[in-house]
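First comes the structure, then the notes that go with it.
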Amino acid sequence: MEENEYSGYWEPPRKRCCCARRGTQLMLVGLLSTAMWAGLLALLLLWHWETEKNLKQLGDTAIQNVSHVTKDLQKFQSNQLAQKSQVVQMSQNLQELQAEQKQMKAQDSRLSQNLTGLQEDLRNAQSQNSKLSQNLNRLQDDLVNIKSLGLNEKRTASDSLEKLQEEVAKLWIEILISKGTACNICPKNWLHFQQKCYYFGKGSKQWIQARFACSDLQGRLVSIHSQKEQDFLMQHINKKDSWIGLQDLNMEGEFVWSDGSPVGYSNWNPGEPNNGGQGEDCVMMRGSGQWNDAFCRSYLDAWVCEQLATCEISAPLASVTPTRPTPKSEP
């Protein structure tokens, strides 16, 4: 009886102890939650600060980039205007040369008509005395000389026009390259090197046949102007004797390249050119790479052509692109 009363007397203090523990646990949970929220808020504030800092840096960088791009654009526009002015001036010069060529053609036509008339007069006068015949013969010789002079002037004008067209094409390529355009497009089976394309022909040909073969391919026999170009050719001729575009057909000893330029760089074989046996007026490049004058009617198994490389041109520039000059005819 007393034990039961004792046990019932201490029961309430145990319940109060449990309530105190639960309160402490709840307080710890609340403090932990508060600490977690405070940490999360601190992380959010740090992220916001870093993001704002990065956005500011990006904005400053963008402003600098826009400023640089604006300056570059202004410089490009200024250069473009200057280049357009040069192209217009060269086009005007080309038109003037074309007009002069037309005038020379008209003069040549008149000279031909005059010559025809005079030849008819000479035929009618052949029955006259020998003195008149001699005078007429002299007159005929004079007229032939006049016609020859007219043809020479016409050819000189034509050569000048071809050179100008090629210079315009080269200048246009330089303009495109300065704008970042790639000028390295070559026809199939041609090799590119330093803004030109090269074709290494095979088959037995005389020099004149090799020249015509290059012309049929819209090119001409190669003109060599530097040691680098010589080295490039040596890598591809496979040690075969090859025709190149050098000759002195017009005047012995005065060699001229197929592009009309005189000889600057040379790689003659020792003792060459020697015109051995007389009539060695065309130049070949031996398998060793050294040059030798040879008979133009000799047959070689290889020959080298060249032409200017073309450029990758965007649509706005394509409308003003000059045409490639036709290969210059050789004497």
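Cβ atoms here come from the backbone N, Cα and C positions, even for glycine.
Small disclaimer: the values here were computed from a predicted structure and weren't measured.
Within the same chain, residues at least six positions away from D293 (Ca(2+) binding site) with a Cβ under 8 Å of its Cβ are D248, E272, P273, N274, N275, G276, E280, D281, C282, V283, M284. Positions annotated as Ca(2+) binding site by Swiss-Prot, on the basis of similarity to another entry: E272, N292, D293.
Under the heading domain 'C-type lectin', Swiss-Prot lists 185-298.
The feature N-linked glycosylation site is assigned by Swiss-Prot to N65 (among others), with sequence analysis given as support. Non-local contacts of N65 (N-linked glycosylation site) by the CB criterion (under 8 A, 6+ apart in sequence, same chain) are absent.
According to Swiss-Prot, the N-linked glycosylation site annotation covers N114 (among others).
If you look up Swiss-Prot, you'll see S319 marked as O-linked glycosylation site, on the strength of similarity to another entry.
Feature annotation from Swiss-Prot assigns S-palmitoyl cysteine to C17 (among others).
The S-palmitoyl cysteine feature in Swiss-Prot is assigned to C18 (among others); the stated evidence is similarity to another entry.
Per Swiss-Prot, the feature topological domain 'Cytoplasmic' maps to 1-23.
Residues or ranges marked as topological domain 'Extracellular' in Swiss-Prot: 50-331.
Residues annotated as transmembrane segment in Swiss-Prot, with sequence analysis given as evidence: 24-49.
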E272 (Ca(2+) binding site) has how many other Cβ neighbours within 10 Å of its own Cβ? 18
So, by DSSP, how many helix, strand and coil residues make up the domain 'C-type lectin' (185-298)? 18 helix, 34 strand, 62 coil
Looking at the recorded positions N114, N292, which sits with the largest number of other Cβ atoms within 10 Å of its Cβ? N292
Across the topological domain 'Extracellular' (50-331), the model's average pLDDT, rounded to a whole number, is 81
